[in-house]
Amino acid sequence: MNETFLPKIPIGHWADLLIQFITDHFEGFFGYIASGIQSFVDSLVWIFALMTPIVFILICVAIAFWRRGIGVALFTLIGLVLIYDLGYWAHAMQTFALVLTSVVLSILIGFPLGILAGINKTFHRIMTPILDFMQTMPSFVYLIPAIFLFGTGMPPGVVATIVFAMPPTIRMTGLGIRQVPSDLIEASDAFGSTTWQKLFKVQIPIAAPTVMAGVNQSIMLSLSMVVVASLVGAPGLGADVYLAVTSLRTDIGVEAGLAIVIIAIMLDRISQNTRNKKTGES
Amino acid sequence: MKKLEVKQATKIFGKSPKRGLELLKKGLSKQAIKEKTDLNVGVAGATFNVESNEIFVIMGLSGSGKSTLVRLLNRLINPTSGTILIDGEDITRMNAEQLRTVRRKKISMVFQGFALFPHRTVLDNTLFGLEIQGVDKEERKERARQALIRVGLKGYEDSFPDQLSGGMQQRVGLARALASDTDILLMDEAFSALDPLIRKEMQDQLLDLQSDMQKTIVFITHDLDEALRIGDRIALMKDGQIVQIGSPEDILMNPANEYVEHFVEDVDLSKVITAGHIMTRAEAMTCDRGARVALQLMNDNGISSIFAVDRNKKLLGVVDADDAAAASKSGTPLREIVQEVKPVQVDTHLSDLFEDISKSTIPLAVVDEQGRLRGLVRRAAIIHALAGNTAFTKAEEVQNV
Ligand SMILES: Nc1ncnc2c1ncn2[C@@H]1O[C@H](COP(=O)(O)OP(=O)(O)OP(=O)(O)O)[C@@H](O)[C@H]1O
Ligand SMILES: [Mg+2]
């Protein structure tokens, strides 16, 4: 390849330089973010520990019952008890904290961006290729700048997870806003709504089911990132799987993997759309 | 008083619509412009006024630009050119803030496709306009409940729109517009989803509403019978243009062109034409005259009976020629030979005249609300009118003899 007459464009080198530049000049800033993320995750883990497994399980079962009914509640109960029984409780809580933090931040950043993309065509046009890039770039690649900017451990894991998991929330929020029927927008305008009134009283409520579908996808993607995040030292079930792979331990691999699957199904069902609950259809 | 003044309002859809204005000025039709360019003429040069407290009906075939025109009136669609004045203020020059105020306080709309908010209950849909205006929570609920009662939806406050039938949803749309209590109501095919019975009821309600709440209503419909029933004036649209504006009678009797004629040809004339339309001048006399005078009058006019009225032209009855001859011999006062007749009202439809005229041997007397004689209807005139011969006479004032 080196003999081609076209000189190699140094994209990799530029990326290097960019990260170098950012680390040199904004190290403090990223340091703050890193410690912010770290303490958020830590306090979640601390709260989960304080709750004791019993309370934690009961709360999850209650939420599952409220959202989806007896079936999912039963699954949650059996699944969580199994994780406890297998001895992965502490690691499961770390994974939980990692996923929760990533999802909360994804929504916090992604929802407003999605709304903007839904309202503003230009922003939507700029955003789409960026989101495509974020989702198709192999997720491992995010780890490298994440290490440079945030060190090792939980923070780079969370950041890499956010970058990978946030796009569906942005996309689906934008989609939901754009899909609000035009006659409802007209009706809202005809009665003299301001832009904000229209947004909060009409567009967001009507887009809500679609937004929730996006959040659900984001949650699933976060979970799919836990093993990748463990490569930069994020603790939890992902680290167990990683260990199992490197030391060829089938038993640990299956158990930790199963625990991840249980958490994934539970979170998926709980966060799934329960539209029309009010009107009695589903 | 003029509530709405629309001058040369034009809306052209597509890129660089100004180009279309040029073409319209050159006299090109909507079709010609569409073939030549990618522009779609929605409304072309609409000019009309709507008076305060009037029901102004806009009619036309599908795609003729009715919805576009009505959306220009509250600027849901910005006109390509032309001005639209509400209470003398040009809304096409208003900024967003001013426009919002107009939409909140002066003009509300009922949509063709209902446009109800699926996530809100019927009550919350109805109070939407008031909520936007920041009306106090209890007050807006109360006013919304009143509006729902008006449209006959009491008891459905907590339902969601998708739990209601199409007709009920349409009434929620109406209630939502009524709750804001604006002077002007824009109604885009607001009754199209209602069954005939409720539809008639709603039309009556609309007429009541307009008279006791002093509403100005712009009403769009496909249905000529509906237009004739509720419209004070009717505008007929074709290809974005208004081809005729006039009272229901004008439209029916003097169609401006073939299009209008075609539009109105299927109308059941007997339900549109009233006794007032086809009545002719009635010979009448006051009772204090003698029987001899009565005979003389009948002779002069070649008729065999004459209506008797009091000094205020109030109809008393009819005097027969034979009776009058006998009375003039015996000297009986005229008053004693007056026979009672059953008069019809000026606004009685032809369809309701058939029975009376078939029973009666003499022409029907037509009276106004005060019972004053306004004219008479002959059998021939009814047949004439039903045959589609519309060139009938307007009754002159009945002269006292
Ligand atoms: N948003 C739009 N973009 C482009 N063209 C439009 C738009 N809205 C309406 N038109 C065009 O304008 C014309 C008038 O449409 P409009 O909806 O006003 O008709 P209408 O008389 O209300 O018909 P209907 O009785 O079917 O409701 C049509 O040719 C239509 O294609
Ligand atoms: Mg229409």
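Think of each number as a place in line: the chain as shown, counted from 1.
Even glycines carry a Cβ here, placed using N, Cα and C.
Listed in TrEMBL for this protein:
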type: TRANSMEM; residues: A:44-65; note: transmembrane segment
type: TRANSMEM; residues: A:72-90; note: transmembrane segment
type: DOMAIN; residues: A:92-271; note: domain 'ABC transmembrane type-1'
type: TRANSMEM; residues: A:96-119; note: transmembrane segment
type: TRANSMEM; residues: A:140-166; note: transmembrane segment
type: TRANSMEM; residues: A:219-245; note: transmembrane segment
type: TRANSMEM; residues: A:252-270; note: transmembrane segment
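A:252-270 is the stretch from A:96-119, A:140-166, A:219-245, A:252-270 with the greatest number of Cβ pairs below 8 Å to the transmembrane segment (A:72-90). Counting residues 6+ beyond its ends, the transmembrane segment (A:96-119) has Cβ neighbours under 8 Å at 37, 40-41, 44-45, 48, 127, 154, 157-158, 161-162, 165-167, 169-178, 199, 203-204, 207, 211, 214-215, 218-219, 222-223, 225-226, 229, 234, 236, 238, 263, 267 in the same chain. Under 8 Å from some Cβ of the transmembrane segment (A:219-245) lie the Cβ atoms of residues 88, 91-92, 94-95, 97-99, 102-103, 106, 139-140, 143, 146-147, 152-154, 156-158, 160-161, 164-165, 168, 251-253, 255-257, 259-260, 263-264, 267-268, 271, all in the same chain and six or more residues away from its ends. Sequence-distant neighbours of the transmembrane segment (A:140-166) (same chain, 6+ residues past either end, Cβ-Cβ under 8 Å): 19, 22-23, 30, 33-35, 37-38, 41, 98-99, 101-103, 105-106, 109-110, 134, 218-219, 221-222, 225-226, 228-235.
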